[in-house]
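To keep things clear, I will list the structure first and then write my remarks on it.
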Amino acid sequence: MSTASSIESVLTEHRVFPVPEDFQAQASIAGLAQYQALVNEADTDYTAYWAKLAREKLQWTTGFTQTLDDTKAPFYKWFADGELNVSENCLDKHLGTPTEHKTALIFEADDGVVTKLSFRQLYHQVCQFANGLTALGYKVGDRALIYMPMSVQAVVAMQACARLGVTHSVVFGGFSSKSLHERAVDVGASLIITADEQRRGGRSIALKPAVDEAIALGGCDAVRHVIVYARTGAEQAWHDGRDIWWDAVVDGQAMECAPVAVNAEHPLFVLYTSGSTGKPKGVQHSSAGYLLGALLSVQWTFDAKDDDVFWCTADIGWITGHTFITYGPLAAGLTQVVFEGVPTYPNAGRFWEMIQRHQVSIFYTAPTAIRSLTKAAENTPECHPRHYNLSSLRLLGSVGEPINPEAWMWYYENVGLERCPIVDTWWQTETGGHVITPLPGVTPLKPGSCGFAFPGMDVAIVDEAGEEVERGKGGFLVIRKPWPNMIRNIWGDPERFVKSYFPAELNGYYLAGDGAQRDQDGYFWVMGRIDDVLNVSGHRMGTMEVESALVAHELVTEAAVVGRPDATTGEAVVAFVVLSGDVPAGDEAKRIATELRNWVAKEIGPIAKPKEIRFGENLPKTRSGKIMRRLLRFVANGEAITQDVSTLENPAILEQLSDAY
Ligand code: WT7
């Protein structure tokens with residue numbers, strides 16, 4: 001849990017930035033009184049509050065009569081007797097309105113080539129691809145794995161699945177064939193949609209070969225087709241009858257495709273995320289409730305207006321890319337930028353140049369990107385944002401991990417030019433949309449704080465017994481009432497769902513797994529994970545996952561992984577490893593460390609690579625054999641261990657591991 005020092009460090013932040021008057025005047029939620037009115041409405045009768053919004057914001061094929069079914073709590077159902085189609089709510093809804101011919105996607109490729117699609121054009125592409133899927137026999141209830149680069153086609157694939165009621169599971173293109181395999185098997189995918197390669201930073205990275213490798217690992221017998229979008233045209237090994245080019249799927253298909261109405265609770269997608277133990281959790285989201293949360297987050301937090309140009313830099317492989325690329329902005333009828341590449345190619349001015357080129361007005365990125373671009377702007381002054389015209393910006397967002405006040409100030413001054421509010425949005429894969437966030441027309445900003453609860457969200461900080469703690473005291477962040485866009489289940493593992501998120505001691509509250517506190521003004525300050533979950537560059541990673549990968553290497557008998565604060569990535573992975581042979585030293589240690597780092601990259605993906613590996617004879621353990629990761633965290637940070645370690649099985653090992661440093 002949080003330490004006293006981290007609580008103090010956030011309390012030293014006293015700067016407050018008032019809401020700009022002109023911003024408030026035009027905001028979707030304009031001023032405290034409007035915010036308070038929504039909060040009061042939700043407090044009075046939260047099911048009525050959500051029912052009203054669901055009727056107002058979504059188009060229903062069959063209206064619902066029951067708002068919340070909590071008879072099987074925590075397996076909540078929202079709007080359960082209603083039917084709709086999510087893709088219809090993102091695309092068809094705009095046909096016949098002025099939005100029909102508005103630009104939906106501005107796609108910028110790694111090499112700078114720009115492709116624009118109107119809502120109508122996107123609608124046709126989605127329809128054609130959906131018709132192609134139907135022709136191949138895919139239908140409501142099937143599961144499709146999507147392993148694609150950032151592309152128009154990735155959005156089309158997700159939307160086409162939604163249109164047919166095919167549940168999608170997007171796997172981040174940076175994940176290895178092993179990770180892909182694990183997810184394909186767990187979700188029972190009958191279809192995989194991929195590309196030959198992706199382009200990032202001027203390089204090509206293979207995707208289809210990883211799919212072949214994953215299938216070759218066995219257990220994916222349900223997979224009938226692999227659809228391959230030809231991004232680069234690289235030569236491919238081909239499995240006749242199974243593999244099929246994207247173009248062949250859409251060729252000759254009609255441009256219209258009736259959306260399949262599904263139940264409000266139908267699983268729109270399953271997205272895997274890390275937990276503290278075992279394999280990744282397949283977070284299952286609903287259709288109607290999820291979409292409502294996505295749309296409200298775009299409209300309220302991002303104050304979306306018709307003439308905005310929105311840009312969320314996340315990958316579609318993460319929840320941020322689902323909610324703030326594929327679903328929210330389209331449902332809101334926003335023009336948005338979709339970017340294939342990386343922020344540092346061809347140079348570290350890429351983001352600023354793109355904001356200028358596409359006249360981006362709302363920009364949403366992660367603290368890790370801000371920190372690395374801050375550093376880049378120092379090292380290569382020509383890439384500093386001051387060299388670009390960023391006057392189109394009116395609102396900035398941050399997500400993924402706590403943003404340190406220094407990075408916040410740099411973002412505010414150099415990107416937002418002290419004009420743009422910053423919304424530091426706290427949420428999770430499981431929450432589907434924003435939970436705690438400033439609202440730009442309401443909340444005076446405190447750098448490093450994510451503000452107040454999103455209207456309708458009942459957020460609190462409690463102790464081990466579920467009692468709310470006093471202001472200024474740290475505790476567990478919980479959500480006390482169910483909300484429409486909450487996680488519905490862990491795919492195939494309802495027990496783990498209950499155990500992970502609704503522990504018995506907490507009165508049925510949703511346990512987020514983060515430590516937090518509120519200051520005297522009621523602002524929330526999130527301090528990070530309370531479980532053994534790392535947050536590297538804004539992405540969750542279980543210590544277990546990295547440890548399992550290390551132990552799978554033939555040289556390794558035991559491994560423990562901890563996080564260490566890192567100036568760029570937020571947290572860096574530090575691994576303590578016991579080899580089957582002697583403890584290596586010098587060049588030998590370096591060589592094995594490199595080998596293990598590459599191994600982890602192959603097993604999980606490059607983002608899981610340990611930044612540092614230390615070798616020892618064994619690991620610090622309790623007498624019952626539990627690895628003391630908490631102590632290893634001190635060692636990794638070069639901090640003195642002040643607590644009594646005499647109860648350890650092998651206290652001397654701590655010194656060996658520290659010396660090794
Ligand atoms: C975890 C969720 C939400 C999309 C990206 C990550 C951390 C996220 C913030 C923030 C402090 C944050 C939390 C959370 N986190 N946003 N604004 N301030 N911490 O989704 O992979 O499900 O991770 O990211 O620790 O629990 P995710």
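Just so you know, glycine gets a Cβ as well, placed from its N, Cα and C.
For 35-90, the entry in TrEMBL reads domain 'Acetyl-coenzyme A synthetase N-terminal'.
Taken from TrEMBL, the feature domain 'AMP-dependent synthetase/ligase' applies to 100-483. Note on the domain 'AMP-dependent synthetase/ligase' (100-483): mean pLDDT across this stretch is 96.
Taken from TrEMBL, the feature CoA binding site covers Arg200, Gly201, Gly202, Arg203, Thr320, Ser537. Mapped onto three states, the DSSP output places Gly202 (CoA binding site) in coil. Shown in sequence order, Asp110, Asp111, Tyr345, Pro346 are the residues of the chain, 6+ apart in sequence, with a C-beta less than 8 angstroms from the C-beta of Gly202 (CoA binding site).
Per TrEMBL, ATP binding site is recorded for Gly400, Glu401, Pro402, Asp424, Thr425, Trp426, Trp427, Gln428, Thr429, Asp514, Arg529, Arg540. Of all Cβ atoms in the shown protein chains, 22 besides its own fall within 10 Å of the Cβ of Gly400 (ATP binding site).
The domain 'AMP-binding enzyme C-terminal' annotation in TrEMBL covers 545-626.
Annotation comment: TrEMBL describes Val551, His553, Val556 as Mg(2+) binding site. Sequence-distant neighbours of Val551 (Mg(2+) binding site): residues of the same chain at least 6 apart with a C-beta under 8 Å from its C-beta are Thr557, Glu558, Ala559. According to its DSSP assignment, Val551 (Mg(2+) binding site) is helical.
Among the features that TrEMBL reports, N6-acetyllysine is placed at Lys626. Secondary structure at Lys626 (N6-acetyllysine), as computed by DSSP, is coil.
Near Thr429 (ATP binding site), with the C-alpha within 10 Å of its C-alpha, lie none of the binding-site residues Arg200, His553, Val556. Close contacts with ligand 1, defined as a Cβ under 6 Å from any of its atoms, occur at Thr425, Thr429 among the binding-site residues Thr425, Thr429, Ser537.
Across the fold, the C-alpha of Thr425 (ATP binding site) and the C-alpha of Ser537 (CoA binding site) stand 16 Å from each other. Thr320 (CoA binding site) falls within a helix when secondary structure is assigned with DSSP. For the recorded positions listed here (His553, Lys626), the lowest count of other CB atoms within 10 A around the CB belongs to Lys626. Proximity note: of the listed recorded positions (Pro402, Arg529, His553, Val556, Lys626), none has a CA within 10 Å of the CA of Arg200 (CoA binding site). Around Gly201 (CoA binding site), the C-beta neighbours below 8 angstroms that are at least 6 residues distant in the chain are Asp110, Gly341, Val342, Thr344, Tyr345. A coil conformation is recorded for Ser537 (CoA binding site) in the three-state DSSP classification, outside any helix or strand.
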